[in-house]
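Asks: Here it is, the structure, as structure tokens.
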There are 2 protein chains.
Amino acid sequence: MSVTAPRGFRAAGVAAGLKPDGARDVAVIVNDGPSRSAAAVFTANRVQAAPVQWSRQVAKGGRARAVVVNSGGANACTGAPGFQDTHATAERAAHALGDSAAEILVCSTGLIGERLPMPELLSGVDMAVADAARDGGLDAADAIRTTDTVAKIAFRRGADYTVGGMAKGAGMLAPALATMICVLTTDAELTPEQCDRLLRAATAATFDRIDADGCMSTNDTVVLMASGASGAAPDEEEFAALLTEVCDELAGQLIADAEGATKAISVEVVGAASEDDALQAARAVAGNNLFKCAMFGEDPNWGRVLAAVGTTTAAFEPDQLNVAINGVWVCRKGAVGDDRSKVDLSGRDVAVTVDLSAGGAAATVRTTDLTTAYVHENSAYSS
Amino acid sequence: MSVTAPRGFRAAGVAAGLKPDGARDVAVIVNDGPSRSAAAVFTANRVQAAPVQWSRQVAKGGRARAVVVNSGGANACTGAPGFQDTHATAERAAHALGDSAAEILVCSTGLIGERLPMPELLSGVDMAVADAARDGGLDAADAIRTTDTVAKIAFRRGADYTVGGMAKGAGMLAPALATMICVLTTDAELTPEQCDRLLRAATAATFDRIDADGCMSTNDTVVLMASGASGAAPDEEEFAALLTEVCDELAGQLIADAEGATKAISVEVVGAASEDDALQAARAVAGNNLFKCAMFGEDPNWGRVLAAVGTTTAAFEPDQLNVAINGVWVCRKGAVGDDRSKVDLSGRDVAVTVDLSAGGAAATVRTTDLTTAYVHENSAYSS
């Protein structure tokens, strides 16, 4: 279902020859309206790929006719020629759609520092626009994969509208987005301002709270397009909840497919004086290499959790910290708690709870373990 | 030579039974004066081991008769009983030396969250004080090792005085110290205030600029003791340079022996608007897992260097960044530079230079690669 679950959208994913193995590598998602409100959020990295620079400008207009996504090359750190390549890509899609390039977003993912093979990419855009169809959502989700082992899609039905989405991203999933590209669609009737506000809130609560390796990409982009094809102006609270659910489900799929990971870890911080404190502490634990190695080794090493929390400015007293790993409170009041041999870490899912004993706020950050396979993949994959 | 290179110091390292393999695990370094000025710096982690809490108080007095260091247990996250253990350790050394516990520093290193075996430790203190001798520096350096594969020692001769030192630390070497313990000695005549000021300056320029895995320990301690046995009040500038050299050499030994590392990487940032900017950018690169994996894979992946620099607030324009790896400028003006195949990464030492093109300031941070062996060691070693 993916991005074509809502009415008003067509999509396609084609093999244009950007990937050496001949797999799909160019996707388009076309909004046929009647409206075309849109918004996007981007990486906070100051080194931004050409497509991010381009799409930022498009998003400012609040309207989008289509998104072109290519895998097989990030078009990052490619200078002015790389920006021209992105511009040419948008122009080609605009021409094929009989529309304006100023309403075409472009996303790219893959290796940094290399120019894209433009003849292949441009004919790929032609092919994809020609192929774009109501049943093309899954092909599009397939075409945006890099080291992703599976396509990531999700959708939710509202009262009389639908929210759909697809995402890619398998490594570099860090706060403030990740090496991830996500396209969200809805046939609800929304203004550009609603798109922007609702998208920012949904991503802040989901994609911004996953962290695979603490690294921040040059290409992260999340786009929301609203076709208005349902004719329904949604209840904003209900829509926000559904959009967040779709994002949350996609974020979970990203963590589940993170490069080389053997554990999907949720770090929940409770008893915090504020949500900011809870988030800061959860991020510190989720980003701690030694903790992540311990999880890979199935070692309920709560000392590393405490050492990570101790690097934050969150309100807490060290001798009031409690830590549970998969339900066993192995650390109580900053010291040894229940028998750590009772902790079962054999499964893929791990739940770590840190109680700061400083208030009533909470937050959760999801991460993965740090594995020998992660190191292997990222020492071999030249990006 | 180590900590007994300067006159006025005795040391010993004995096997007290804290380590299961029967290796040396308790060291003492005794200052026989005539003066006993001292200073210490500690981890910035808010979760602090009992010996750090104790030694902070001792250091405030500006005087130290001796330092007791044990490996085989960090005495961290052990609550009030753990603090009592540290106190008892200091009292035992004080008794053996006929002195006051208020001038005995204690350092511990090893597993977090377990009480120390006190009968063994206390008899180890007795043995070590009894053994302490002018030629005991190397045994002491040996006794403080945990996963260190070699003892780390260094010394420098001044005009008429000497600076000596020993250190341990093989993982968790992060900014704001590391899981490292370092004892520095000198027979120069110094006031407590001089010790404090000179030690802070030397550690800020050395130990604070190494980062193996971004993790900050609960036990980091660097101590400087001055015996005054040379009778020489040193030229402060000369002394500062020698002390910094000793710290720098020990920091280099720590990086060279970092757990599982195959590369010793120096990240130099030049052309920065300020030293703070240079440091921030260097730390961001040195702490980036993807960059560190690329170094393990001997892949001159400058895109990951740029992506790391892009996460900082340092002054720079993305299209003015230059990056050299082992002397080859693989990135010029934010895009592809010289042929990356010319980069030789086969050796152990790697030099990365980032030119921010924003000013005249520079700074260097040293780190290691992220390896499968690092993950293996830190998933198996319960700390």
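Including glycine, each Cβ sits where the backbone N, Cα and C put it.
What TrEMBL records for B:Thr146, B:Lys168, B:Thr179, B:Glu259, B:Asn378, B:Ser383 is substrate binding site. Residues or ranges marked as active site, nucleophile by TrEMBL: B:Thr179.
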Asks: Need the DSSP three-state call for B:Lys168 (substrate binding site) to compare against my parser.
Replies: strand
Asks: What is the Cβ neighbour count of B:Lys168 (substrate binding site) at a 10 Å cut-off, with all protein chains included?
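Replies: Total other Cβ atoms inside 10 Å, all chains included: 28.
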Asks: Least buried of the binding-site residues B:Thr146, B:Asn378, going by other Cβ atoms within 10 Å?
Replies: B:Thr146
Asks: Among the binding-site residues B:Thr146, B:Lys168, B:Asn378, say which ones reach under 8 Å of chain A by Cβ distance, listed as they appear in sequence.
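Replies: From B:Thr146, B:Lys168, B:Asn378, the ones near chain A are B:Asn378.
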Asks: Starting from the Cβ of B:Glu259 (substrate binding site), draw a 10 Å sphere and report how many other Cβ atoms land inside it.
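Replies: Cβ-Cβ neighbours of B:Glu259 (substrate binding site) within 10 Å number 25.
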